[in-house]
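S.K.: Per TrEMBL, the features are:
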TRANSMEM  A:5-23  transmembrane segment
TRANSMEM  A:29-49  transmembrane segment
TRANSMEM  A:56-75  transmembrane segment
TRANSMEM  A:81-102  transmembrane segment
TRANSMEM  A:109-129  transmembrane segment
TRANSMEM  A:160-180  transmembrane segment
TRANSMEM  A:207-228  transmembrane segment
TRANSMEM  A:248-272  transmembrane segment
TRANSMEM  A:284-307  transmembrane segment
Amino acid sequence: MKTKILLAILAVVMVGLIAVPWIASYFYIFIFTEILILGLFAASFNLVFGYTGMLSFGHAAFFGIGSYAMALVLIHLEWPFLVSLLASMGAAALLALVIGFFCVRLNEVYFAMLTLAFGMMVFAIAYQWRSVTNGSDGLAGFSLGSFGFGLDLTLGNPAVYYHVVLTIVAIASAVLYVICRSSFGMILRAIRQNPERVSFAGLNVRTYRLVAFVIAGAFAGLAGGLIAPFLRVASPELLHWSMSAEPILMAILGGTGYFLGPFAGAAVFVLLETWITSFTESWMLVLGIILALMVIFFRKGLLGTILDWWMEVKK
Amino acid sequence: MIKTSAKKILVAMTAAATIGAASTSYAEEPIRIGGIYILSGSAATYGEFAQRGINLAVDEINASGGVLGRKIEMEFEDSQGKASVAIQAARKLVYSSGVDALIGLDSSGVAQGLVPTMPELQKPLIITHAATPDATGKLCNSFTYRISVNVAQNMKAAALVASKLDATNWTTIGPDYAFGHQSWEFFGNYLKDIKPDVNLMSETNFPRFGAEDFTPFIDRVMDSDADGVLISVWGGDLVNFVRQANNRGFFDKDFELLFTVGAATEVLSALGDEMPEGVHLSTRYWYDAYDNAVNTHFVKAYIDAYGVPPSYNAEGAYAAIYAYKKAIEAAGNTDGAAIAKALSGMSLDAPNGTITFRKGDNQAMVSPNWGVSGPMNPEYGIRTLMDLQIFDGEEVARSVEETGCKL
């Protein structure tokens, strides 16, 4: 019964999202595009953090390289959009394989510090390799060509691009969800709770962690590939460690225990940022206060708290 | 607590929605202009001084009957000096606040990102500070105009200044983004043309924008064979740079120094007598360089309001508001494409003389100012500019073909 009601709510949200260009003001097309992309970024991060229990401070490296891959492919090769997205995913997955190879050997704070260090290295490369990445200015001024599949879509039209993003994010989320619910996902959860026990059961914890890290990196790269055409620029701030903090904040805001928690967190984050910056420039201060309150009083995040409360009431 | 703020947001949103809906139906609604400047961080004074110039122009215009009988209303967003933030800010101003026109941009990097998106927004943009030649060059479009001096114009003037100096080995210290790199590139090319025997050194120095510590770069130049240095560091960075260079004895050495935006009054006020005497300083506009009625009025009104002479950023922003007034009156309405079209080829009496937005690339033909730092001006606590040279706007500009702009 409860599952049915939840599914119905999800369906209503989905219909609402599809209808955004017709029911909301034009500006909210941009807001929801950003929410969806950052939501996917945060959800990919949560596979590593919420499911496998590894706190990465370098997840923006994969998001950023995805955006640079997209920009470079669009500028130099002019591939169709969908193929370019695969290039973004591939580049990010490859980078995640290299970084993950070294990082998954370590635990807790050492893992966090090493991911941070690798993230900074990737940032430094993008910042200083001026001939390829255009340095601190980033890559801008690329044009969006065809979509691929022979579909005639004007990607420059924000409403069209929103629906493209919605479709891709929905498919990517479904795939991520299936991964999380599979036996593989169950083992990841077991690793979070007790890695020793998992290895005593005869499973190679390191390999599982590495695979999770690479999958998360690939989906972060996909999100990065979507953000570059949206922002019209791939710039070093997308790779900066402060960008790595955003999915952490979103996952905690929304709730790390539920698959859709990071999406809820991304929605709260972007909407609050938009509204609060209209009144004051000290949006980070307000965010800090909200986050502190969330961590102290609502440990399960917004979505987690609401869902738990609802489960209790309905008993 | 949470409830009341949610309520406030709801009220504000409803109000915004109502205003948005109303603006299309009533002629007496204000004309809205969105300003995008750096309002936080080490270059925030530039945004603040631009706001001063804008507010002065808006108050004057509103006090004398507005534009087409409507008042002008400003709305500002912080670009943080980042292209992605500025692009989102522009979308917010156009689609959420419903502005009729945009003005702003302090950074070349921001301009390179935002300018290509202007045709989508279908609103005109007048750049008042960002100097990358690309904005009115290879990235140009029919919605983007620039009222301030660009890097190409200013570096042509710089090369003319440098060609008369004794220095033969030239290097640069500049911020590590479009502005610093393009300043050096254009300066070098122009100087080589005028004076082929100069040596452009391959060791260049590009500290990060907002770097705080410039001493490694200062030391490197002092240890090199350079006898001429082009310094395109600007804003809070330039203030830090000059202080650190003083400590290192950089100015006691016999370098010929060209500061490409050194005579910004933001910087001169912050430095006072720490800015050395006898170095070449440039600015896009020097407040006592122009003897005309508009400038006399502007400088007096600005000093009355803020107690200090206007900076080039204040002047560019002030003039841009008047440019919009003239263009909107010529167009007869506030349609974005119509305003943009009216700006093309338009001439305007600005504080720095009569300026024209050139038809081929939408770049205003404005005059870079170069001078040599002199004794302190006791009234305002800034260095004076001696041997002031006002370069002809047309003469230092690239031809339309050279800009690579195709409109």
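Each position is counted from 1, following the chain as shown.
Glycine too: its Cβ is placed from the backbone N, Cα and C atoms.
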S.K.: Take the C-beta pairs under 8 A between the transmembrane segment (A:81-102) and each of A:5-23, A:207-228, A:248-272. Which stretch has the highest count?
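M.R.: Top-ranked stretch among A:5-23, A:207-228, A:248-272: A:207-228.
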S.K.: Which residues, given as numbers and ranges, are at least 6 beyond the ends of the transmembrane segment (A:29-49) yet have a Cβ under 8 Å from it?
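M.R.: Distal contacts: 17, 20-21, 55-56, 59, 62-63, 158-159, 161-162, 165-166, 169, 172-173, 176, 179-180, 188, 212-213, 215-220, 222-224, 226-227, 230, 246-248, 250-251, 254, 256, 259-263, 265-267, 269-271, 274.
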S.K.: Given the cut-off of 8 Å on Cβ pairs that are 6 or more apart in sequence, determine whether the transmembrane segment (A:248-272) and the transmembrane segment (A:284-307) share at least 3 such pairs.
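M.R.: Answer yes: the transmembrane segment (A:248-272) meets the transmembrane segment (A:284-307) with 3 or more Cβ pairs below 8 Å.
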S.K.: Please check if the transmembrane segment (A:160-180) comes into contact with the transmembrane segment (A:207-228), where contact means 3 or more CB pairs closer than 8 Å and the residues in each pair are separated by 6 or more positions.
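M.R.: Yes, since the transmembrane segment (A:160-180) and the transmembrane segment (A:207-228) share at least 3 Cβ pairs closer than 8 Å, they count as touching.
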S.K.: Do any residues, 6 or more residues outside the transmembrane segment (A:109-129), come within under 8 Å Cβ-to-Cβ of it, and if so which ones?
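M.R.: Result: 54-61, 64-65, 68, 95, 99, 102-103, 135-136, 236, 239-241, 244.
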S.K.: Can you work out which residues elsewhere in the same chain, 6+ from the ends of the transmembrane segment (A:56-75), have a Cβ less than 8 Å from its Cβ atoms?
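M.R.: Tertiary neighbours of the transmembrane segment (A:56-75) are 41, 44-45, 48-49, 83-85, 87-92, 95-96, 99, 103, 111-113, 115-120, 122-123, 126, 132-133, 138-139, 142-145, 213, 216-218, 220-225, 227-229, 231, 233-234, 236, 238-241, 243-248.
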